[in-house]
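Novice: I'd like to ask you about the structure that follows.
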Amino acid sequence: MFKAAMDASNETNPNYPKFAHLLSQGWMFGRKVDNSDQQYRFFRDNFPLLCGLVLLHTSLRRGVNLIAGNHKRTGFDFVFGXDIHLCSTRDEFLPYFDSLGYXIFPFLKYIKRNDVATXTYVDXTAILSLFLNDNYXSCTIWNRFYRSWISEVSFQDGMCFSISHCXRMLSYNLDYIEKRKSASEESNLELKNSSSSLSELDDRERLVAPIPLTDYNFVNYMAYITYAPLFIAGPIITFNDYIYQSDYKAMSSVKDYKRTFIYFLRFAFCILVMEFLLHFMYVVAVSKTKAWEGDTPFQLSMLGLFNLNIIWLKLLIPWRLFRLWSLIDGIDPPENMIRCMDNNFSTLAFWRAWHRSYNRWIIRYIYIPLGGGGKYRILNSLCVFSFVAIWHDIELKLLMWGWLVVIFIIPELAATAIFKNYQHEPWYRHVCALGAVINIWMMMLANLFGFCMGKDGTMSLIKTLFTTAVGLRFLFLSLGALFVGSQVMFELREAEKRRGVNVKC
């Protein structure tokens, strides 16, 4: 598999001149590096600056803790986060919308469907912010100096900041609305800062942590939406969870320094894997130039597969850096990628493991309010994946990707309903493996279409698979390989269950 991807993208391939201009000088064994992905290039080229920012933030935090002693963390987060917020994002209007939003939201409580009003206001704010930023972008004199350094480490564009802020603003205000609707003050915990008597809530319980109503204030609001370690790219943490960990009960996991060090080693290993892939197979450059003419179906499939793996890694690495930063800072956010993308056979489970914190946010604030998995499950899923597509970018291609994912979920839901009464039959596992093979192919095609090869590349792959002898041979061989691989994945999950681990994906 590695060799096929290398043969399709290295110097020996006849299509090499078409994408050679996208390659840069590398550092591994004298080879060039495929640094053509814009998002990851910004992260990779400015990695030392990001590390400097982590060191600066951590040093300031430790210094303030020594000087101020027992104080609320959110005060420091408010000051540091607000500076990063004002100086790093190219969306000049976003800070004003954040402040305006806080002033307007209290009045929404007088509206009968205040949750709908909140969502409508935040979505409209995000869209208006995008419009103003694109048409009236400016750069004030006072922050030009800061931007010359800080903006370099901010690899997301204005849209991503607006939609990310949309998610944070919704979390704060929907948590606030839920709190106002909840029972009397007697339901509150007797929370005291740094109280050792408090029991440690798990990650699900912290979503609805009984935070006092007085904690829903402007300082906490701004501290939350501009919390530096998670500001640039996440993972996403809810307002209740953030305040609970910041001001009431630090998780024991952030005090386990051995665990944090092992997490750092895993992060470093992921970077080395990514560097190896970028130096030895130039699949991103090939996909950008559509330089796959004459490649075999096997090579086309491997171009697509390793493209997806690089997309997975380019998201995993920043998320793990920012989560590592947050762990060092004393906040334990969710892990966004809890499985390798190649270790998935279920469409539903795949999305639980991919961008897990965002998946939880979607379920809590969108999917469940829409009705969840009831009789309108398919329609609710369509709404959710449409939102996810727009969250990535406003493109018809991504909307179609979201709708394809929903269509591909339907067979799995149907098969699960039909065969759920036969789980103890000896043939059940093999039927599941056949379904897994179909799922894997459908997930690959949907993601190749949306993020890698586009319409032309995906159609070219499908055409060669079904209209050529070599394509049909590869198709049937790959089906057999995926069938065996699915059995291995089943057994890996059974081994996890025997150890008491069940991550539901």
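Cβ coordinates come from backbone N, Cα and C, glycine included.
Swiss-Prot lists these features:
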| type | residues | note |
| --- | --- | --- |
| TOPO_DOM | 1-217 | topological domain 'Extracellular' |
| TRANSMEM | 218-238 | transmembrane segment |
| TOPO_DOM | 239-266 | topological domain 'Cytoplasmic' |
| TRANSMEM | 267-287 | transmembrane segment |
| TOPO_DOM | 288-296 | topological domain 'Extracellular' |
| TRANSMEM | 297-317 | transmembrane segment |
| TOPO_DOM | 318-377 | topological domain 'Cytoplasmic' |
| TRANSMEM | 378-398 | transmembrane segment |
| ACT_SITE | HIS392 | active site |
| TRANSMEM | 399-419 | transmembrane segment |
| TOPO_DOM | 420-430 | topological domain 'Cytoplasmic' |
| TRANSMEM | 431-451 | transmembrane segment |
| TOPO_DOM | 452-464 | topological domain 'Extracellular' |
| TRANSMEM | 465-485 | transmembrane segment |
| TOPO_DOM | 486-505 | topological domain 'Cytoplasmic' |
Novice: Summarise the topological domain 'Extracellular' (288-296) as counts of helix, strand and coil residues per DSSP.
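Specialist: Helix (H, G, I), strand (E, B), coil: 2 helix, 0 strand, 7 coil.
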Novice: Can you find at least 3 Cβ pairs under 8 Å between the transmembrane segment (431-451) and the transmembrane segment (465-485), where each pair is 6 or more residues apart in sequence?
Specialist: yes
Novice: Using Cβ atoms and a strict cutoff of less than 8 Å, what residues sit near the topological domain 'Extracellular' (288-296) while being 6 or more residues removed from its termini?
Specialist: 4, 8, 13-16, 18-19, 22, 36, 303, 453, 456-457, 460, 464, 470, 474
Novice: Going along the chain, which residues at least six beyond the ends of the topological domain 'Cytoplasmic' (420-430) come within the CB cut-off of under 8 Å?
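Specialist: Result: 487, 490.
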Novice: Averaging the per-residue pLDDT over the topological domain 'Extracellular' (1-217), what integer do you get?
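Specialist: On average, pLDDT over the topological domain 'Extracellular' (1-217) sits at 71.
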